[in-house]
Structure formats: C-alpha cells, structure tokens
Amino acid sequence: MKKADRIYYGGDYNPDQWDAKTIEKDMELFKKAGVNLVVLPVFSWAKLEPDEGEYHFEWLDEIIDKIWENGIHVCLATPTTAQPAWLSARYPEVLPVDVAGRKRTHGMRVYFCVNSLKYRERAAAIAREMAKRYAHHPALAAWHVANEYGTPCYCPTCQAKFRLWLKKRYKTVEELNRRWYTSFWGRVVGSFEEVMLPTELNDDYRFYPAVQLDYMRFLTDSTAECFENEASVLREYNPEIPVMTNMSGYIKKLNQGVMAEHLDMVGWDNYPSPLDPPYFVAMKHEIMRGLKHGQSYWLTEQSPNQQNWQPYNKLKRPGEVRQLSYQAIAHGADTCLFFQMRQSIAGQEKFHGALISHAGHENTRIFRELTKLGEELSGLGNKTLEGRIRAKAAILFDWENWWALELSSGPTKDMDYLKTVSRYYQAFFEQNLPVDIVRLDADLDAYDLVAAPMLYMMKEGVYEKLEAFVKRGGTLIATVMSGLVDENDRCVFGEYPGLLKEMFGIWVEETDALFPEEKNQILLKGDWLGKDSKDAYECGLLCDRIHVRTAKELAVYGKDFYQGEPCVTRNDYGSGTAYYIGTEPAPDFLEDFIGLACREKGIAPLYPAGKGVEITNRVSKEASVVFAINHALEESWVDFGEETLTDLLKGGQVSGRVAVKPRDVLVLERRRKSE
Ligand code: GLA
Ligand code: ZN
C-alpha cells in the first residue's frame, strides 16, 4: 500500500466552482498554508459525465496536474454521492423511498438507493473511467468513494432484496418465524414474500425490534456492497492505492464496524458541537480507531471555523482548531483534513468555514492559524504516522447492541448507549488512564480490564470470550441492562442477566426505571473504594434488584422499597474479578470506581497532570510520541518527573513539571529504553 511520509494536511476542494484565475490563486495560498493534499472531485459527477456515457475529464486532468506541479497530493473521490439530474430523471428507480413511503425527489446528495442496479452500474462506470485515468498518477495518495453514506431506502428493490437477504440468513420461513418470535401479536409469515420492510413506525420509531434490527443489518450490508461496487473497480487498476470512504462520524444508522471491514483505512469526519466536552470528542476518536483494531485512521474532515448546519454556529475560538487537530492526531489520526479549502459562494454551505473564506485572501485569522498549524505538522515529519496506542484497559462498543438497546420499548425511554459508554469513558479520560474502545469481536488478550456498559445483546461467542478473559485473571465490569437478549432481541429465559449470572455471582429479579429528576443513592459498605472516597454517591435512570449468590455486596441502595439491597457487587471468578453495577452512577462514583479497578490491575496514568490536560502516547517503529493537550481555559501542567523528552514543536528537551497554556499542546518524543 502506498504510504505517506508525513501528515497529510489539506482537505476538500471543489475546483469546478472556480475560474482559472481563482484556481491559480488557490495554488499559491495552499502552498503558503502548508497544504500537501486535497480531496476532489466529490461533487462533480454532473460535470464529468454530462450525459450517460459521455465523459469530460480534461478539466480534471488539468487541475490534478496543476496540483501536482505545486507539490500537492490528491485523494481522489469518486463523485458518486451526487448523481447527475439525467440519471435521476431517466431512471427514477435510483431515487430513494423514505420510511413513510414517499419517493424522494432529485436535488440532495447521498440521495440514491444503495440497492439500485442502475445507480450501481453508472457509479461503477464512472469509477472505472477515473481509475483508468488516474490510478497511476503520481499525485494520487488514496481513493475516497462517494461521501458519507447513510441513506436508508424502502423502495420495491430494497423490499425484494431484503427478502433475499433474510432467506440467506434464516434459510426457512419457519426459522424466520422462530427467530423473530412472530407468535407475538400474531405476526407470523407464511413465506418470505409476505415479509414487509419496517415502515409502519410509531412516533418513537419503535415498530418490531427483531425486524428493525435485521433491516438495519441489511441496510449496512447493502451500503457496504454499494461501496465495494466502486472500490473493487478502483483496486483492479492499482492495488497499491488505499481505498476508503469518509464515514459520517460515529453515526448510529450504519454499523461502521461492518463498513470498516471493507475499507483499507477508516476515514471519518469529526464535527463536534461546541458544547461537546473534550472526553466526548476523544471517545469518538477511540471508537473510530477501534474499528480496525487500533490501526491509525484518516481524519477526512473537520471544520476550520464555524459550520452552517448546527443550530448555532460558533466561530472556532483562537487556538481551537489546532487543539482539535492535535486531539485527533493524539488518538490515532494520520491526516488532518478539512472541509473545506475554499468557501462556496452559494448553496446550503455558503456560511461554512474554509481555509480561504469569502474574503478571498490570506489576511484572515483562520488562514493564519491554519498556516501555523501546517508548518508545525510538516515539522513533525513521519514521527507520529502509524503510531499505535497501547492501552491495558478496554471498553466494549457494539453497533447492533446500540440499535437493539434503543429500539427496546421499556424499561425506560431514556436509554442512551453512547451516553452510557461516554460516562465510563469519561471516568478513564479524566484520570488519563489509557483505554481503547474495542469491537465485540476484538481480541482481549492484550487487556487486563474490560468494561462492557449495557451489553444488552449477548451475541454468540461473546460470553465464552468474556469468561475466558476473567478466568485468566482479567477484571470485567458489567452493568444494568446486560446479557438480556440474543441477536434477535429475544430475552433470556430464566434469571437475568442470563449467561452472565454465574460469573458475576448474582441474579437480577427486576429493574426499576426512574423518572428523569428522580435519584437513588449508592451507599458504600466498608472502605473498599479507598479512604478518600465518599460514603454515598448518586445514581439514577435504572435500578436493578439484585440477589447475590457468590458475589460480595460492595454497596447498597439508599432509598425506595429496595433500600439496603445491593447495587454494586464483586465476584471472584477463576483468577479474575467480575464487578457488576446495577444502576447508572453519577460521574464521581465512576471516576473513583474506575480509578480503583485500574489500580488493582496496575493501570496508571501516563504522567501526573493538572486539570484539563489530556495525555496520550502513540508508538510506532519510528518514534514514541507523547501528546499533552490542555482543554481547560486556565493554565495547567504535566509532570514528566525524571524522564527527558524532546519537544517536537519547539525543539529542546523537557523534563519535570511543565506548564501547558490554555488550549496549548505539547508533542514530545520519548527516548527508547535502549537509548
Ligand atoms: C459533511 C460532508 C461535507 C460537508 C460537511 C459540512 O461532513 O461530507 O461535504 O457538507 O459535512 O460540515
Ligand atoms: Zn431502495
């Protein structure tokens, strides 16, 4: 695979919106800003193929050559996210049908049926034209297929394909009925032809979880096929060029774990809300890094300044874009790309930030900030590339579990998987305890501690893996709403939490749902949580009524009819430990609890640091690089003790206690043990 020798810096560029003079100027400004890669032509299908089979690539040839003459690489996008008007008009089947059965009209992007054969035929054809022309162009760094997939479709083609998909999965209609448990409400089907797409939705999008789950799996598989339809063509012409798509972040509607299996590297677009706390943004990076088991990824988009599509589009504060860029790199990004290089004159995104704003020149705050960042990143050379993070703790995260948990009607409508996972992640993050977020099929051999918040769906093989992990000495943390259903959302028969009950030494009789403003308490029994811990912590959302068998009660509820009953337990199992938390604790409990569980396994923060400072360490063959980012708005610090590290941004050596200014970043190289 073709590899970069430094961080790719740049982003989306739409030259078809600009005249020759402007493009000339752009080249000059790109070089000034340190841009070394642009992504194009994401939205140019209509210009490249103005009528079926009639291609006009000369203008693009010229632009790519010009970009390359200026020493800038290209990541070439197949322009298939926005099909030309003639395609929608001539073959209306390419347009999607929404969940309410409405045929959508032409005009948006990602507005096609991923299963449409006509769409796929034309998309593969233009991908082939591009591959023929550019697969060996020296400027080509990577292929980028379409843009932010994720449009569901309920058209007749999808209906027919869904039935075939089910037939392949379940073989017989009897098996389908059994797995979908259609005896409930008499939803039995006599043949696959009687299966309907889940379009009859209640206001809260809860229809029939088993059907919806399979539809979401089907949509993911169909989207992955649609990606492969183009990717396989591109690979044919030059297998050395990596192929990816830019995923719309950590979105729920597509199982990005399945998508990632088709990509040579994960690419994702990071658009945090200004209200997102730093741990939440960090968590999304961890999730995306976990998709390919820790392999570094492409940050394919972020905004250099304000966006246009949030309800309130704050300007990025001075230093913020640098802070977010380094946060991405600190978590595993090998690129720092933006949407967009030049701000469009009109359209929905005319007020979206860009390297070159409507002002048209370099005398802007953002241009200056990005130029400085470009210089810094170029100075890092290849030191950070392909660096891996070596954590001893992991949090399990699974898309199908996310779907199933939130499709469930009851016990509370407030179950929010991402939020729950983020609370556990936050407890690690705030203490700089290194943690990966891993897929359910990840190998747990490298880990000593695994947290599995709300692992509601117990898929085949998962229990066995978790059990082996605990038996060999690992610490496993499970919570309320775990182990309850199989992959078709059928509840375990017998006591909750199903297969987990022996390992955790408990059984759960029932689960109470609390009103949003209602709280209970976690009252500690003894001082197992450390001398400095509180005696009582708050909890809410859900409260399991737990019976202990072999487990030890660590804490009990403070209120309600189940006052005094256990809510946190510990069971020694094999050579390991299984902690169960039967409720949703307040962050201070989780911080203390995760702190303890990590201490027990010898998992420590990388370095002592003050409030707001996030620290990570990426290690590659080339270097071991430490990042320290101050997310606080006051000065903070890190203490490197006796260790001496090289400052890769400012030069020189650092050791001992080092101050970090608000939003500032340290990028330091550690010495290898042998040096
Ligand atoms: C997405 C798209 C881009 C652009 C940005 C705007 O991530 O991929 O084309 O629309 O949003 O924030
Ligand atoms: Zn369709």
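Placement of Cβ uses the backbone N, Cα and C atoms for every residue, glycine included.
When other Cβ atoms within 10 Å of the Cβ of Glu148 (active site, proton donor) are tallied across all protein chains shown, the result is 20. Taken from TrEMBL, the feature active site, proton donor covers Glu148.
All protein chains considered, the CB of Glu301 (active site, nucleophile) has 22 other CB atoms within 10 Å. Per TrEMBL, the feature active site, nucleophile maps to Glu301.
A coil conformation is recorded for Trp309 (substrate binding site) in the three-state DSSP classification, outside any helix or strand. Sequence annotations record features per position, and here TrEMBL assigns substrate binding site to Arg109, Asn147, Trp309.
What TrEMBL records for Cys113, Cys153, Cys155, Cys158 is Zn(2+) binding site. Close to Cys158 (Zn(2+) binding site) in the fold, though at least 6 residues off in sequence, lie Val97, Cys113, Asn115, Leu197, Ser222, each with a CB less than 8 Å from its CB.
Among the features that TrEMBL reports, domain 'Glycoside hydrolase family 42 N-terminal' is placed at 12-378.
TrEMBL lists 391-603 with the feature domain 'Beta-galactosidase trimerisation'.
The annotation domain 'Beta-galactosidase C-terminal' is assigned in TrEMBL to 612-670.
Predicted-model confidence for the domain 'Beta-galactosidase C-terminal' (612-670) is 98, expressed as mean pLDDT. Classification of Cys158 (Zn(2+) binding site) by DSSP places it within a helix. The domain 'Beta-galactosidase C-terminal' (612-670): residue composition by secondary structure is 0 helix, 33 strand, 26 coil, according to DSSP.
Separation of the C-alpha atoms of Cys153 (Zn(2+) binding site) and Glu301 (active site, nucleophile): 26 Å, rounded to the nearest whole number.
When the recorded positions Asn147, Glu148, Cys153 are checked against ligand 1, Asn147, Glu148 have a Cβ within less than 6 Å of one of its atoms. A distance of 21 Å separates the Cα atom of Cys155 (Zn(2+) binding site) from that of Glu148 (active site, proton donor).
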